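Asker: Pulled these from Swiss-Prot:
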BINDING   His28, His261, Arg356, Ser383, His460, Asp468, Arg519  substrate binding site
SITE      His28  site 'Important for catalytic activity'
BINDING   His68, Gly115, Pro116, Leu117, Gly157, Asn186, His261, Phe436  thiamine diphosphate binding site
BINDING   Asp156, Asn186, Ile188  Mg(2+) binding site
SITE      His261  site 'Important for catalytic activity'
ACT_SITE  Glu410  active site, proton donor
Amino acid sequence: MFNEKDQLAVDTLRALSIDTIEKANSGHPGLPMGAAPMAYTLWTRHLNFNPQSKDYFNRDRFVLSAGHGSALLYSLLHVSGSLELEELKQFRQWGSKTPGHPEYRHTDGVEVTTGPLGQGFSMSVGLALAEDHLAGKFNKEGYNVVDHYTYVLASDGDLMEGISHEAASFAGHNKLSKLVVLYDSNDISLDGELNKAFSENTKARFEAYGWNYLLVKDGNDLEEIDKAITTAKSQEGPTIIEVKTTIGFGSPNKAGTNGVHGAPLGEDERKLTFENYGLDPEKRFNVSEEVYEIFQNTMLKRANEDESQWNSLLEKYAETYPELAEEFKLAISGKLPKNYKDELPRFEFGHNGASRADSGTVIQAISKTVPSFFGGSADLAGSNKSNVNDATDYSSETPEGKNVWFGVREFAMGAAVNGMAAHGGLHPYGATFFVFSDYLKPALRLSSIMGLNATFIFTHDSIAVGEDGPTHEPIEQLAGLRAIPNMNVIRPADGNETRVAWEVALESESTPTSLVLTRQNLPVLDVPEDVVEEGVRKGAYTVYGSEETPEFLLLASGSEVSLAVEAAKDLEKQGKSVRVVSMPNWNAFEQQSEEYKESVIPSSVTKRVAIEMASPLGWHKYVGTAGKVIAIDGFGASAPGDLVVEKYGFTKENILNQVMSL
């Protein structure tokens, strides 16, 4: 039963949120004021989560998908003991732990970075997917070592975003029963009344996806909210609870209007609102001891007991299933097996293979040595070569399966991979054609912001795709991905560079990786293994030519490296001194010392030609004003791939002509 103390706690959360925003003179008070009752009920009655014990693996995950309501989350984190009151007073200020939108690894208790609407909802699907897979893999009768819920607080905006449709469809199809979404349904958007833009039947929509739908008609009714969450936890499949709320509840002049969505109340309205709550407007950032005690005696007590029981269970699990327990402990540590690289393939000089196919060979080896390896493709597994051949598919019936069928849902796949990476216990990946990286670009950006160990496989990387034509031939995508800070964009030149690229991807604890791979075959370069290993990790290195300062530099990535080597050999026959540099990862190269960069691309050599079947954007930094770039300024064409490549000037003869014209 709920009582007056509970109502005091709810109103305290509202007041804290208001004061946090007023102090900053910036923020979104409407959602915290309307959604405080559902958040309070969830945290005090259901959530197994202690923000002071952030490394407890079996905790419930809470995601504020409506990240603009961050003041509510920070208020909850404060009353539950993990965020100092002073941090609320520094909301949205430089160096504070309370940024405008919640940030992963910045504030304890924040599971994923949210703000771009729809992505929190969709990353939550990834969190629930990770829980389901790990539970299927590790749980044994009487030993549910992975057993937690993912709770989401989502807004109208989240559900309008296209990604929510993709993610909800995937979650329903896979019966992710541990996913519970609380939908703050307040009928107001930033611009005004919601019905001017959004009138769909939420119940019919989600039931069509295979979700359970529950309705709480009064968002201030704590008992009904509690019952709905309890019901959701007992049902098969994911559940959405539509909670009808009033945005800015308690504000006499702004409640129920868009005026309270994204701007502070103002001092006069704050005073009237506090009086409506029965609180003293003269007291700012005020929390009574009894409110702290409620969270101490409910949420924190429950979470501590749950963690203690789990630790005891894990000890017994280790006694009964020692090998499985060791694998589980390694997985949740996020570390790789010490000798995981030993079984990775080495490709001999003379081997000819598409880097997507060589990647597929590497994937088979990784799956045997890295048990936490898990992912799939957006309906292109056969083309991406991304499936584990001897593994079962992931499904609601076989959650332990390794191959995820994401379907044609690229954006949701990207967000789900991010969610799995944030969850822990997995080294996740997703795959599609490179040209469709645009469909998940916002997820790639968020992955980089969060600093996740996530891998994205992009195949069919150039105009060499051929017959499918310009809609399927990437041009600007490479430059676009390279522009994302903290993103490893690796375009390997052969099978061995591909192997090392995968090593980088798996080992990059705080940087996501995009692997950009070919459809067409590439010859293995005649380069020693240790040189390739170091060179790919450093982003660029010499693969052919003079160790002394050369007359000419040929710079390239991916499939164009072997073409550059062919041209270099002809130049040498003409008595020219030339060096070929493979540049698979610009991001890594830029992090090297000036001494190393100078050793690879000597500043004294001004006769430089860069070769890449993509936009020239970015290459002029490396070729300088005296150099040339053989690239593509327009779109591709539909014809056999070899012919398209020739017509666009990616031939040995054109390279020689460009070099000799310098």
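Here the Cβ of each residue, glycine as well, is placed from N, Cα and C on the backbone.
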Asker: Rounded to the nearest Å, what's the C-alpha distance separating His68 (thiamine diphosphate binding site) and Glu410 (active site, proton donor)? Just drop the number here, would you?
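Answerer: Rounded to the nearest whole number, the Cα-Cα distance is 25 Å.
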Asker: With every protein chain in view, what's the tally of Cβ atoms within 10 Å of the Cβ of Ser383 (substrate binding site), excluding that atom itself?
Answerer: 15
Asker: With an 8 Å cut-off on Cβ distance to the Asp156, Asn186, Ile188 Cβ center, who else from the chain surrounds the Mg(2+) site?
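Answerer: Result: Ser155, Asp184, Ser185, Asp187, Ser189, Leu194, Thr245, Ile247, His261.
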Asker: Which one is it: of the recorded positions Pro116, Asp156, Glu410, whose Cα lies the shortest distance from the Cα of His460 (substrate binding site)?
Answerer: Glu410
Asker: Using the residues the record lists for thiamine diphosphate (His68, Gly115, Pro116, Leu117, Gly157, Asn186, His261, Phe436), what whole-number Å value is the largest Cα to Cα distance?
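Answerer: The span, Cα to Cα at its widest, is 35 Å.
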Asker: Please report the number of other Cβ atoms within 10 Å of the Cβ of Arg356 (substrate binding site).
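Answerer: So the number of other Cβ atoms within 10 Å of Arg356 (substrate binding site) is 24.
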Asker: Which ones are near His261 (substrate binding site): of the recorded positions Gly115, Leu117, Gly157, Ile188, Glu410, which have a Cα within 10 Å?
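Answerer: Correct set: Ile188.
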Asker: May I ask which of the binding-site residues Leu117, Gly157, Asn186 is closest to Asp468 (substrate binding site) if we compare their C-alpha atoms?
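Answerer: Nearest in space to Asp468 (substrate binding site), counting only the binding-site residues, is Leu117.
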Asker: Just the number: how many Å between the Cα atoms of Asp156 (Mg(2+) binding site) and Arg519 (substrate binding site)?
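Answerer: Answer for this pair: 41 Å between alpha carbons.
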Asker: Please report the DSSP secondary structure of Asp156 (Mg(2+) binding site), reduced to three states.
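Answerer: In three-state terms, Asp156 (Mg(2+) binding site) counts as helix.
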